[in-house]
């Protein structure tokens, strides 16, 4: 299963950013005085910052550009934005005044007397009942879940169909030619995603919008699935499956972004996990379709009918999405990118209970877009790509996230997702039993993805991987070695199925959801789109490599060697995680800068120390847990930052209202105006 290639910026990508922002407002003051003090930390003025520090400081400002502003300033900014956007009714202006104040610090709503009891109740329930939302938001969730199911079915209906079409197309022998051609046909969509599909995501989103991109990509998927059902040669099937990748790539990149941009901040992380879970559900449904159509007679259809129905069945959920996509509102953030502020507010009002909630989220998003434009000024895209590798903080994030994306493929899960029916058949299962056993894997993969909702934010990303990689390796070795059990023994097929199922149980909450969640949060905001593009291309390319090589590998190495090969890669994945993947659970943007801005040798040393501590603790129950290499650096800087911001806050309290107003206007003029003009902000 491919990871989610969500390319996210700002309030997307599974990060509960507003929650994180409130934890770090002391290090993100937006007042002019605070900025001046911040820039002098360590005795260095703002003008003396090198490009590396300038980029990271810009990224920090993006974390919450409203932090530190007084309630009066926020209310005035909200009213100004409402008039600029053409939302001039008294009700709308009030909503934006109060919404802007909530956007600055939504925890102090009890201190806002103008809020009605109903508005306060809704704001409280955002925290205490985060799943209590308007029906339209859940309609968006349904659309996104169906898109994930489309992706899952697109990936796995081929699992059962290839049992038939490989012989019909004359590529069913164990010859080198046939095994490579079978792998090429099966891997065609992922080749297209890696070289073309993923790179169409950005232009399609700009031209069609989020809903439009989902609609167009599902149309492409439906047509490609229909086309697959009418092919009669291997190269014809290759063409149909290749352009299926034009639907898989943009859809898989856009859908999580669409869900995140429509959802409240506290729900974003859970909706990112929804993508993985419902993709697993679609994979299970694909196995069900294979089994359901197995016994369909040919009815005189040349080269068989059952496999054609299997391949064509994946178009059904895609057609359903096409029919339903435009019944939900467009992403408010996309409307803002087109300077359509009134449409954005109308869309958010359908997705929130109260206007003050919609005004809060729209004002914050608009402000963040303006801050992004200010932060990106003068940074060329080519320079940002270069900085992905030349700045240590970015480079370490790229190594960790791309390595995990690579390991999501080379952990071996997709040899089961795409070829499990053939594996079970080689183990001695009948065709029907092989399809039923594959369905069992699909059910396990879906059910055991559910615990990740809890474990990924409690147990942690790194700990999940360190726990599951050794187990995945063990179970793949067990599966491969089970092929040496005599075929006339009942243990032969039982142990092979058991090994595959146990592998699915530990994959689903670990290497399944972690890589794309980790990648979405690892990069600083100013470079996140490029970093996620790299991660996306990595996972699709190696998905293609795995898919095209498995038929030849299992012929050359036999099942024992082929499963052993990927079991060995899981050991490498464990060592990679231990030495090069720091923990990102519950880290703010500033903390992540410290987490990744550490020399690799210190990360490796921490991995060694952690291994020794674990060994000694297991041996005698003693030992001191090692401290992550970023912790001491972070706490030292945080203490210094707290002193600086405290001084700035004290200084501002001594000023009169007129002086504060004068400094505020001067600061806005110096920075280009965080609010900016509507047309400028809309083009971000």
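Cβ coordinates are placed from backbone N, Cα and C, and glycine is handled just like the others.
The annotation compositional bias 'Polar residues' is assigned in TrEMBL to 1-10.
Here TrEMBL flags 649-672 as compositional bias 'Basic and acidic residues'.
The domain 'Major facilitator superfamily (MFS) profile' annotation in TrEMBL covers 140-585. Summarising model confidence by region, the domain 'Major facilitator superfamily (MFS) profile' (140-585) averages a pLDDT of 89.
The feature region 'Disordered' is assigned by TrEMBL to 1-52 (among others).
What TrEMBL records for 649-684 (among others) is region 'Disordered'.
The feature transmembrane segment is assigned by TrEMBL to 136-153 (among others). Residues 1-2, 214, 218, 221, 248, 251-252, 255-256, 258-259, 262-263, 271, 274-286, 289, 313-314, 317-318, 320-321, 324-325, 327-329, 350-351 of the same chain lie 6 or more positions beyond the ends of the transmembrane segment (136-153) yet place their CB under 8 Å from a CB of it.
Residues or ranges marked as transmembrane segment by TrEMBL: 180-200 (among others). Counting residues 6+ beyond its ends, the transmembrane segment (180-200) has Cβ neighbours under 8 Å at 2, 5, 154-155, 158, 162, 166, 169, 171-172, 234, 237-238, 241-250, 253, 418-419, 533, 536-537, 540-541, 543-552 in the same chain.
Residues annotated as transmembrane segment in TrEMBL: 212-230 (among others).
Residues or ranges marked as transmembrane segment in TrEMBL: 242-263 (among others).
The annotation transmembrane segment is assigned in TrEMBL to 275-295 (among others). Sequence-distant contacts of the transmembrane segment (275-295), counting only residues of its own chain at least 6 positions beyond either end whose CB sits under 8 Å from a CB of the stretch, comprise 1, 4, 6, 144-146, 148-157, 159-161, 255-256, 259, 306-307, 309-310, 313-314, 317, 417, 421, 431-432, 435-436, 438-439, 441-443, 445-446, 449-450, 452-453, 508, 512-513, 516.
The transmembrane segment annotation in TrEMBL covers 307-328 (among others).
Taken from TrEMBL, the feature transmembrane segment covers 397-420 (among others).
Per TrEMBL, transmembrane segment is recorded for 432-456 (among others).
According to TrEMBL, the transmembrane segment annotation covers 463-485 (among others).
What TrEMBL lists as transmembrane segment is 491-509 (among others). Same-chain neighbours of the transmembrane segment (491-509): 280, 411-413, 416, 420, 423-424, 427-429, 437, 440-441, 444-449, 451-452, 455-456, 464, 467-468, 471-472, 475-476, 478-480, 482-483, 485, counting only residues six or more beyond its ends whose CB sits under 8 Å from a CB of the stretch.
Feature annotation from TrEMBL assigns transmembrane segment to 530-550 (among others).
The stretches the transmembrane segment (463-485) and the transmembrane segment (397-420) meet in space: the count of Cβ pairs below 8 angstroms, excluding pairs fewer than 6 apart in sequence, reaches at least three. Between the transmembrane segment (212-230) and the transmembrane segment (432-456), fewer than three CB pairs separated by 6 or more residues in sequence fall under 8 Å, so the two stretches do not touch. Long-range contacts of the transmembrane segment (530-550) within the same chain, counting only residues at least 6 positions beyond its ends with a Cβ under 8 Å from a Cβ of the stretch, are 2-3, 5-8, 13, 180, 183-184, 186-187, 190-191, 193-194, 197-199, 249, 253, 381, 384-385, 388, 394, 397-398, 401-402, 405-406, 408-410, 412, 414-415, 418-419, 515-516, 519-520, 522-523, 562. The transmembrane segment (397-420) is not in contact with the transmembrane segment (307-328), judged by fewer than 3 CB-CB distances under 8 Å for residue pairs 6 or more apart in sequence. Outside the transmembrane segment (307-328) by six or more residues, the chain places 136, 139-140, 142-143, 146-147, 149-150, 153-154, 157-158, 160-165, 168, 211, 214-215, 218-219, 221-223, 225-226, 228-230, 247, 282, 285-286, 289-290, 293, 296, 301 with a CB less than 8 A from a CB of the stretch.
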